[in-house]
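Annotated in TrEMBL:
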- 333-360: coiled coil (COILED)
- 77-87: compositional bias 'Low complexity' (COMPBIAS)
- 404-417: compositional bias 'Basic and acidic residues' (COMPBIAS)
- 277-327: domain 'G' (DOMAIN)
- 489-589: domain 'NOA1/YqeH-like C-terminal' (DOMAIN)
- 67-87: region 'Disordered' (REGION)
- 388-417: region 'Disordered' (REGION)
Amino acid sequence: MLRLGPALLARLARAPLRAPLRPCGTAAASHGEEQERFVFLEYEPDAAERAAAAAAAALRRERELKVKPKPRRERGAAAAVPSLSDPSVPPSGVSCSGCGAELQCGDGGAPGFVPAERYRSLVSEGPAGLRGAVCQRCWALEHHGSALRLRLPPEQHRRVVSAALRRPPRHGRGPLLLYVLDVMELPDPVLPQLPALLGPDVPAAGVLVVGNKVDLLPADCRGHLGRLRQRVAAACARAGLRGAALVDIRLVSAKTGYGVEGLVSRLQRSWKCAGDVYLLGATNSGKSTLFNTLLRSDYCKSRAPDIIDRATVSPWPGTTLNLLKFPIINPTCDRIFRRQERLKEEATKTEDQLSSEEKKYLNQLKKQGYLVGRVGRTFQQQKPSAEIDFDPDTLSYSMDEDPRDAPKKPEEREEFTHNEVKDARWCFDTPGIVKEDCVLNLLTEKEVKLVLPSHAIVPRTFILKPGMVLFLAALGRIDYLEGEKPAWFSVLASNLLPVHVTTLSNADTLYEKHAGQEFLKVPMGGEERMKEFPPLVPQDITLKGIGTTEAVADIKLSSAGWVAVTAHEEEELLLRAYTPKGTALVVREPPLLPYISAIRGARIPGTPAYRTKKPPSFVENLRTTGSR
């Protein structure tokens, strides 16, 4: 909820009418808290949010008392791996269920490493011991959100993908390629490389492009999804992907489930079960998240979710190191009919008719994204009731002896039968192709988590005059050098990244003083961190306004976010934008959300900032209360 709290009203009443420019866009996170909050003084969490934040802070304090804090580790510094490797033990030939790398205990810096003692323990359990196991890197990502450094050059990801695509066609037909792109990263840097990656000797049946993460973008007007689809289609055409080679374009959110049921229906209607399917895309595009969502959908064989483990998902680039797969269900006429009946029945429900667990899960998704979908399963394997082994001898003992614990039996994992997989078509998750000239390559794992949006982006709009400067953390800067009238600058980036506005005369001093500190937040680590961080380099940009309601262009500051510029009609603006050396700065014309400046509240007196406004969330395939 956005409102002026009593404490803030009192503060504003005591403040001078014209406040300095510095505080108009600071992060509203208290010390030690890294939450998704808006960035203006008028934002005050409601009672539920305050209670949740207090509980989380109490839990963190309790953990800090129990666990001695470890020194911060920079990107590129390996997590301490004790000398637990045993080079004499050969690789297992079994893949990690989280990243696909071959499990081994011989080299702690190579993919698939498992400490030798744990490795031997798993091997001793028999052939099924290593199945379903994860490597130390996936375990650290899953439980601690930290990544162990691996000696894995970016070219190896491309080699794995290229080799997989050049396999001989199975079932007499080449694979269908599902290319997953992050719509916020348009123009996608890897999409133009797709023809070269495939080459003339790859017998692909076609490419279906999936625009992911649409849930993070606010709707700037009616029909904004149709416009996003047009932007994706234009990017495909520029990359030479058109005609019969382009099967379709779908917009989804792999995280919230929006559009996934439609994607499954499209695949089952057109591709059916004709051949294998490969998920391709750049790092952090959401391939593994989509893989996990499809694994829990009608696209997967009914028993597979109980046999195949979910892929490891992390904001750290390059989580998937090798191929992961699940078997695709054969969409017979009967199955398609039963699936359509389920979808029709679910579309008649209102939110009030959902169970308490469904409502709770739906409310969580609404907080994370603007667009939400419910992904269900029509065909589920009936699990047999659990049997309890009862041994009366373990309950009988004399007064002179201690009770005996029954020996634990190793848990038996389900396996596919030969008939289930002998003619199966598979959906593969491939390693992400590393983006060059990306600012994420310069950041530590903690910084990456702050930069990549995990919740719906709340646009932040400022009105600047010539001679004013806007900072997005310490990762981007835009100077308004020349122009006759004020212009509007709308920032779309992670809600955790601070935005600061100052004057041109103070900009260099502000950066030198606060880069690496809490004020600009990212990068973090003080002077030592900034000594190794590349300097900001400028690029001059000239724009001509098309009206006060429509942005003329986006200035994309690598993967840190972008700024939509709105100016008076025919007004010429001279801007100078900065990004760290070696990262890409892109002027995106036309802009992704041209009417984004309209999503704002009233002007905050004495500052160039407007109050934020967060549009409501929309749930797909759910009838609104009162509608027929």
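Keep in mind that glycine also has a Cβ here, set from the backbone N, Cα and C atoms.
Keep in mind the model is a prediction, meaning the values are calculated, not measured.
Taking Cβ pairs closer than 8 Å, the coiled coil (333-360) reaches residues 261, 265, 268-269, 298, 374, 376, 378-379, 619, 621-625 in its own chain, all 6 or more past its ends. Model confidence over the domain 'NOA1/YqeH-like C-terminal' (489-589) is summarised by a mean pLDDT of 96. Per-class residue totals from DSSP over the domain 'NOA1/YqeH-like C-terminal' (489-589), listed helix then strand then coil: 21 helix, 43 strand, 37 coil.
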